[in-house]
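Engineer: Per TrEMBL, the features are:
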{"type": "COMPBIAS", "residues": "530-545", "note": "compositional bias 'Basic and acidic residues'"}
{"type": "DOMAIN", "residues": "18-501", "note": "domain 'Major facilitator superfamily (MFS) profile'"}
{"type": "REGION", "residues": "530-559", "note": "region 'Disordered'"}
{"type": "TRANSMEM", "residues": "18-40", "note": "transmembrane segment"}
{"type": "TRANSMEM", "residues": "126-146", "note": "transmembrane segment"}
{"type": "TRANSMEM", "residues": "158-185", "note": "transmembrane segment"}
{"type": "TRANSMEM", "residues": "215-235", "note": "transmembrane segment"}
{"type": "TRANSMEM", "residues": "247-265", "note": "transmembrane segment"}
{"type": "TRANSMEM", "residues": "332-352", "note": "transmembrane segment"}
{"type": "TRANSMEM", "residues": "358-376", "note": "transmembrane segment"}
{"type": "TRANSMEM", "residues": "388-407", "note": "transmembrane segment"}
{"type": "TRANSMEM", "residues": "413-437", "note": "transmembrane segment"}
Amino acid sequence: MDTGPAITIGHGTFQRRLLLLCTIAPFLANLHGFVFRLILRDVEYWCKLPAPPPHYNISSVEWRDLLLPEEADGQLSRCRRYENPQALNGSTRDTIICREWEYSDDGELARTSIVSDWNLVCQRRILVDVMIAVHCFGSCLFTIVAGSLADSVGRMPVLLAGVAILVVSTVAGCLSKSFVAFVAVKFISSGRVTAVMNITVMSAFEVTTHNNRPLHVIFAGTLGLLFSDIWYATIAPLEVDWRLKQTIFMLPTVLMLPSFCVVWESPRWLIAKARFEEAEAVMLSAATINHFPIHYAALVTDKLKTAMARNAVRLPSIDEDMLGGYSIRRRALVLSLSYFSITLSAFVPTFAPPNRKEPWYTLGSFLLNLLGYAVMDFMITRLTMQTVMNVWFAVLSVLECLLSLAVDADPGLLRQTLVMTSSSLFYSGSVLCLVYALELFPTAVRGTAVCWVFACGRLGALLATVVQEFQRLGRADLVHAVAGGLLLASMVAQRGLPYATTVECTKMEKRRSSATIRRSMEYMKKTLESRLHDTRGSRISEHSSKFSTLSRSQRRSRH
């Protein structure tokens, strides 16, 4: 049983503070994903060659042409070189793998890419995939743990501990000087930032009034994602050392520090755990902050105590009963598949060739993101969240199919538009999917279920890094086709979810009640008007009859 509908603390400053954190947390989560794109900037490189012998009186360019073999495309190889500058005794020259490289930014005051600092090229290019995979796996693992802890020990301690670890690990990542240390720190920071995001969104959701929470949480989350795009477009053009650029880029992490001052334990969770005194203290404090009548908040708390006391025997096992319920497991499975599919479809186009550095691309993506949110806001106010999700997944499935067909075409405007549209729909669609999951699961198990759903989404991102090999083998069309098929399967599976959430059912019932009352009032009004008209007509007829009788009597008396 979700006790949330009975909690009344008003809507004001208390909720706005958490909604602000609800904007900052997705903003930071996106920054931690963007940081790889920021510091993995492509640079020109070539195999580092030994110095030519003294008797070779040739230039460095001629020496390079002599020692580097040609690839199939006619370009000089950047990963292999000849072992000897000339063939011995007419034999074929053997090639060896390059162990060192020279880069185009070696002569600059600072290296602008992590690629040149740690030689992430050629056979060492796989380390980039390892780094991204570790990032996704850390996000998956820590989010699951945080969700379970949030249901057992509370939202606030998990959130505050996550913020502290996030700040420390982010600073450590900016100071890391070795590849191993950097990857280890990113494993922790990526996990903590997604855990903080999920718990923050959950906390804001649980203290927001029913009429406001879906749209408010979706707006706050989408706004944070849009701000991350703007911040990336601002910092990316800087030509500075990659460590300094990373430090500047990750500086907004400190914006989560005010959470130590504004975050309270969720009163919904406290009531679900039968900790009524603590729940009452939080509710009265929230009512005071919102300038809500204290006596009304106290009255609501007393009613909750009475209601929960009747179910005191069931409280110790209620969590296990919920997690063991078939309906809960089915919802978790369907939403996990949905989040996995939508995340995979978003990460696959990120490895497509369209140029993301051009200003028009950044501006176009931002405008499409705004348009996607506006369309979603319009639809949610008129349709159920499940219907909107079906529409979103259907459109994304069509886009993936179109990308599968256009993958071999030139990277022109059409293909880039498809990629931008797919990414923009992922922004709003992922937030919608997360909020829908928050609506479907009861408070006592919400953290565990929702964080499992999100973790499955991170597995989709992890799979996207693996399927890059298909793209390198020229089968990117297959990757997009699989992503489109998964989106379509998710849309079909969503038909098994509740057609409307509890809040939407309440709203529809209110609308039906209002419509019924309105029709009854109109019927009563028409009936009253009809009776008044009949009464007025009968009175006029009676008056006319009396007047006619009186006139005849007067005429008779005259005669």
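The first residue you see is number 1, and the count goes up from there.
Heads up, the Cβ atoms here are built off N, Cα and C, so glycines get one too.
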Engineer: By Cβ distance under 8 Å, which residues at least 6 away from the ends of the transmembrane segment (413-437) in the same chain are close to it?
Structural biologist: 26, 198, 201, 205, 213-214, 217-218, 221-222, 225-226, 335, 338-339, 342-343, 345-346, 349-350, 352, 354-355, 361, 364-365, 368-369, 371-373, 376, 380, 385-386, 388-389, 392-393, 395-396, 399-400, 402-403, 406, 449-450, 453-454, 457, 501
Engineer: For the transmembrane segment (215-235) and the transmembrane segment (332-352), check the count of CB pairs under 8 Å (sequence separation 6 or more) and say whether it reaches 3 or more.
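Structural biologist: Answer no: the transmembrane segment (215-235) and the transmembrane segment (332-352) share fewer than 3 Cβ pairs below 8 Å.
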Engineer: Can you name the far-off residues of the same chain, 6+ from the ends of the transmembrane segment (388-407), with a Cβ under 8 Å from a Cβ of it?
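Structural biologist: Long-range Cβ neighbours of the transmembrane segment (388-407): 338, 341-342, 345, 348-349, 352, 376, 379-380, 414-415, 418-419, 421-422, 425-426, 428-429, 432-433, 436, 476-478, 480-481, 483-485, 487-488, 490-491, 494-495.
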Engineer: Near the transmembrane segment (332-352), which residues from the same chain, at least 6 beyond its ends, have a CB less than 8 A from one of its CBs?
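Structural biologist: Contacts of the transmembrane segment (332-352) (Cβ under 8 Å, skipping residues fewer than 6 from its ends): 389, 393, 396, 399-400, 403, 407, 411, 415, 418-419, 422-423, 426, 429-430, 433-434, 436-437, 440-441, 449, 452-454, 456-461, 463-465, 467-468, 471, 476, 479-480, 483-484, 486-487, 489-490, 493-494, 496-497.
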